[in-house]
Structures are given as structure tokens and as C-alpha cells.
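Taken from TrEMBL as is:
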- 21-38: transmembrane segment (TRANSMEM)
- 63-82: transmembrane segment (TRANSMEM)
- 94-115: transmembrane segment (TRANSMEM)
- 121-141: transmembrane segment (TRANSMEM)
- 153-174: transmembrane segment (TRANSMEM)
- 186-208: transmembrane segment (TRANSMEM)
- 238-265: transmembrane segment (TRANSMEM)
- 285-302: transmembrane segment (TRANSMEM)
- 309-328: transmembrane segment (TRANSMEM)
- 334-357: transmembrane segment (TRANSMEM)
- 366-387: transmembrane segment (TRANSMEM)
- 393-417: transmembrane segment (TRANSMEM)
Amino acid sequence: MNFIIVINNLEMNKYNYQYRWNMLTFCIWIPMGNYYNYDIPTSLYNSFKSYLSPILSDNQFEFYYGLLFSLTSFVNIFTPFISGKLRDQYGNRIALFVLLFLVSLGQFIFIQGFIHYNLYYIIIGRILISIGIEPCGAIQTSLLSQYFKFDHIALVVGLCELFASFGTISVMYFAPKLAAQYNLIFAIQSGSFAIAMSVVCCIITIVYDINAEYVQQENSIQNVEISKQIIKQENFPFIYWMIIIYNMLLFGSLLTFSNFSVGILTERWYTDNESAEEMAGKMMAIMWGISSFLTPVFGFLIDKYKNRSIFNICASCLGFLGLVQLWYYAPFLAINLLGISYAIMCASVWSSIVYIIDETNLGTGYAYLLSSCNFLLSILPLSISLIKIRTASFFISVMMLAILIFITVLLGIYIYFLDNQENNILDGKILTTNKSYEQLEQDEI
């Protein structure tokens, strides 16, 4: 094991930028509009089925609904590497703006698909939305880690997830109401207003980041942040790949459940209820509400007490219990457990990557994280749709997701022992110094 001294001058680390909290205020609103658009198909499952009934039978709809998620996830196995390369080569600002442009374009095409009953437009629009949204969180984390890596990174990740969940909660609550009161097209078009807000917040965030660079160039380097980590010299250590597999199984299972949640809850608990879609949407809004408010809380606790590997095990246990209980007990408790599980996972896993991977490879590091999730998400939704067609029930699918999450319990325990061997690399042991850059160079010599 080697001690590696990583020196971050002010061009790399903007920890001392006095307006970083102002920038964060706008940056955290970006995912809200993104996820409002991303979760439109989930919130309007029954409305989509009814609207497309002139061109699709029930079984055909189930197949294409699953295909919609599987196909977009398959494409996103590869596209995160493009966005990661874009980030590593041209910076966070360019990557963030390009991704939001893709979401806006995808939303426009998606709407046109429903207006003209064109399945190709629907699928293409959905693919563009997904390509833009999924790497966006990683680019945000990369951008904000320059400002908060040394004190509040898990809290910041939690706040981003909080506002992303606001988007999910909003669409779960408002979209079914808009579809019922007006029509489906109007409900889908509401996503255009949400993404417009995200674009405005993105521009303001970019302006703040440019100003931070300008301030640093104007001032001489007065102090240097130095982080001292006990890590292996590989770009992507073994524990990183274990985190990738862990996140793939847990995140992929929870998100797949969310994608089919309205159908699952309708079948199990609201079969004879005319307001099934609205009630299921409210139930999922509760899950995302719990997740959104608790993610910053767990982020604060993780920043203060570390021990990410233990938090990972807790997230897996709660997710497993939640899915098992969903089918046999009233769904409220299960939904709560799933929300808490998702909150812990987001605060812990995503913030640990900035400590494991070097800054220059951070885009690629998050690309592997997203690509692995999309690999699983390209398989699970279509598999669930085919199982539903064959068995006319979601029961087997729910149990399958529970088993996948149970595997993450075992994997989380293994990561715990690995992390101990690596001297808690997931928590990034950091020391600071006020020595000048010249002094640090001399010390290194």
C-alpha cells in the first residue's frame, strides 16, 4: 500500500469560492425539471394504455411499455462514456448544457409521438430524454465536488437528489390530475415548462462557475488544499468495481420497481378502484417524498460520521424488506422502507466515487457507474413485461427484484471488509495545509 499525496491547487479545487452556496442554490434545481420529464411514463401508465388502445392491444402495450425502458437503458449502456469523455475533455459546463439540450429536444419529439400516434417518435424522444438525464447527475456531482469535496459532498449529493425527487413527486401527483382534468397531451406538455426551468438554472450555475474561475485567476494562490489518501495506484481500484456492481443491482432494482409501480400497486391493492392510477401515483409520491427529504439528512450524517460501507448495508436491508412486504402487507410501510433505502444509497454511493477516482478520470468513473445500471435496466423492464404477459401478474417480478436486492446485502458486507482493509477509502481521509505551492513542491522533493 502506498501513500499518495494529491495536491489540488485552486484551479482544480474551488473550496474557497465565497459564492459556492449561492451557486448550489441554482444548481440543485436542475434535476427537478429533468426527473419531471423522466417519470412521465411511470405516472401516466394507465392513461398511456387507454390513449394508445386504438393502435395497441393490452399485451402489445405491455410489451412496448417494457421495451421503452429496456431500449433506452440499452442505449445508455454506451452513451455515458460519450458524456464522460465530453466532461473530461471539455469540462463540466459544456457537458451539462449539452445534456440539457438533449432532454429538451427529446421532450419535444416525445410529445409529437403522442400527437401523431407515432411509436417511433415516442421511443426516439424517450431515448434522447434518457441520454440527457442519466449522466446529468454525475456531471453535477463532478462540478460541485470542486466546491464541496472537503466538507459537504454527501450533503450536496443529498440536496441534488432531494430536488430530483421533487420532480418525481410533482409528476406523480400533478400529471394524472392534468390528464384527467384536461387531456393526456396537456399532461405530457407540462414537462416542457419543467425542463425550461432546468435550463435557466443551468445557465445561472455556469455563470457562477465561470466567475469562480475568474476570481481564482485574479488572485494569487494563497493556500493549497492537500488531500492525503491511502489508496492503490490504479485508476480504478478493485473496491470501485464492487461499488459498481452493488449500485447496479440496488439502483437498478429500485428504479425498475418505480417504473412499474403504478401497474404493480394497481394489480395488488387498487384493482377495483376507478382512481387506481391517481392513488398509486400518490403512494409513489410518498416514497419519493421520503427519499427526497431524507437524502440530505443521511448526506449530513455521512459527512459527519463517515462509515459509508455500513450505510450501504442498511440501504440494502431496507430495500429487501420493503419489496418483500409490498405484496403481503399494506403498501404504506413497504413504500416507506423503499424510500429510505433509496435515500441512503444515493447519499452514500454517489459521494464515495469522488474519493475513489482521481479528478481527471471522474467523468469516466461515473460513466461506468451509469453504464452498469443501464445494462441491468435494459434487461429488467422487458423481462418484467414478458413475465406479466405470460403470468398475468407482477408477483414473480416483485420477488425477482427482492432477490436481486438481497444479493446487494451480501455484497455490501463484502465491501465493508474491503473498505476496512483499505483504511476506509470510501470516506476519503483528508488533511489540509496552509503551505504555499512552492513549499509543497519542495516537501515532495
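One is the number of the first residue shown, and numbering goes on along the chain from there.
From the backbone N, Cα and C atoms, a Cβ is placed for every residue, glycine too.
Any TrEMBL annotation is an automated prediction that lacks curation.
The transmembrane segment (334-357) is in contact with the transmembrane segment (121-141), judged by 3+ CB-CB distances under 8 Å for residue pairs 6 or more apart in sequence. Two recorded stretches are said to be in contact when at least 3 C-beta pairs lie under 8 angstroms, sequence spacing 6 or more; the transmembrane segment (393-417) and the transmembrane segment (121-141) fall short of this definition. Touching of the transmembrane segment (63-82) and the transmembrane segment (121-141) is concluded from the presence of at least three CB pairs under 8 A, sequence neighbours closer than 6 excluded. Across 21-38, 121-141, 153-174, 285-302, 366-387, stretch 366-387 shows the highest tally of CB pairs under 8 A with the transmembrane segment (238-265). Using the rule of three or more Cβ pairs under 8 Å, pairs at least 6 apart in sequence, the transmembrane segment (21-38) is in contact with the transmembrane segment (153-174). Counted over residue pairs 6 or more apart, the CB atoms of the transmembrane segment (121-141) and the transmembrane segment (366-387) come under 8 Å in at least three pairs, which marks the two as touching.
Among residues of the same chain six or more beyond the transmembrane segment (309-328), those with a C-beta under 8 A of the stretch's C-beta atoms are 246, 250, 253-254, 257, 264, 268, 298, 302, 334-338, 340-342, 344-345, 347-349, 395, 398-399, 401-402, 405-406, 408-409, 411-413, 415-416, 418-420, 424, 426.
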